[in-house]
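I have placed the structure first, in the form of structure tokens, so that the comments after it can refer back to it.
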Amino acid sequence: MLCVNVELKERRYPIYIGSGLLSDEKCYPLKSGDKVMIVTNPTIAQYYLSQVTDTLVKKGCLVEHVVLSDGEQYKTLDSLNLIFTALLQGNHGRDTTIIALGGGVIGDVAGYAAASYQRGVRFIQIPTTLLAQVDSSVGGKTAVNHALGKNMIGAFYQPCTVIIDTLTLNSLPKREINAGLAEVIKYGAILDLPFFTWLEQNIDSLVARDPDNLQTCIARCCQIKADVVARDETEKGDRALLNLGHTFGHAIETHLGYGHWLHGEAVAVGMLMAAVLSEKLGNLTKTDVARLERLLARANLPTVSPDTMQPEDYLPHMLRDKKVLAGKLRLVLLASLGQAYVATDTDPALVLDAIRCCTQVN
């Protein structure tokens, strides 16, 4: 088992990474008599709910669960209310612990419930998708979507522990593994050129779910994110760099309707758009852009805009992005491979040109 610590100003919490951790009582910071509400979805429940429940019952915990519908389209206030109702019906107080057992959607909704219920209760993340393990479970971002924008209603609320059992990746569809690799590639592109090069050498084994390389990869991503979050917990500086490709990607998700493309698929195209824009600004070479495009393609990720979306469709969505200040776009771009920065007041015409370069030719 590996352990990465997230060091915050006022406290720290561990990320445990290893095989078989769902059944390891030592990973759960709970004691006999503690009340627990597990939040999960039907897909994950059939694989892992009884395993986690049995582990907690052995510790003497009082365990209940709520099962939410599966998919990004259910990351809503309605789902949040289902959690609140279950907590209230079970007479859960401020001393309860909410456990998110699932992917990014479950983690985000359960985390926001933990932040909101009785003004805050303890929260444990057990991410079961690659994307959640390397990204959304770490750092305390919680949210639900609105019809007009992704993650528009939420809070920064840190878990007390993150438990990453790599065995859960064995039950994932290939498409979910590939979507998670988009966020993995992002870390190398923004902050770690040696890691990007390592990915170029090992991407095929990651697609094939080699357990040793996956554990190495997850630990590296968690360490990069932990370091960034330690410097900037509430995204007032460096943490924004973690959003490479996300402004473009969120536009895709919002325009198509949540759930049509996976988050990682949209981010993959968004990263390439950001790279093309960076090349047009004179930061990257065409070879740099080609390296990123090739790596995304080897991870079986899309590299062109959805064929139902026109370049002009992007900007209205992008202008609702949370990084927009005074009505002006702020985009995460690349100064070089392995070094990102936040660009302010980028010419919208140049942004549109970069989007066109990544648009499918019919």
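Just so it is clear, glycine is given a Cβ too, placed from its N, Cα and C backbone atoms.
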Q | Matching residue for the Zn(2+) site, where Swiss-Prot names Glu183, His263 - out of His246, His255 | A | His246
Q: Using C-alpha atoms only, work out the spacing between Tyr74 (NAD(+) binding site) and His263 (Zn(2+) binding site) and round it to an integer in Å.
A: 14
Q: Between the Cα atoms of Glu183 (Zn(2+) binding site) and Lys150 (NAD(+) binding site), find the distance and write it as a whole number of Å.
A: 17
Q. Cα of His246 (Zn(2+) binding site) to Cα of Glu72 (NAD(+) binding site): how many Å, rounded?
A. 15
Q.
Distance check, please: Cα of Asp108 (NAD(+) binding site) against Cα of His263 (Zn(2+) binding site), rounded to an integer number of angstrom.
A. 13
Q | His263 (Zn(2+) binding site) and Lys150 (NAD(+) binding site), Cα-Cα, nearest whole angstrom | A | 11
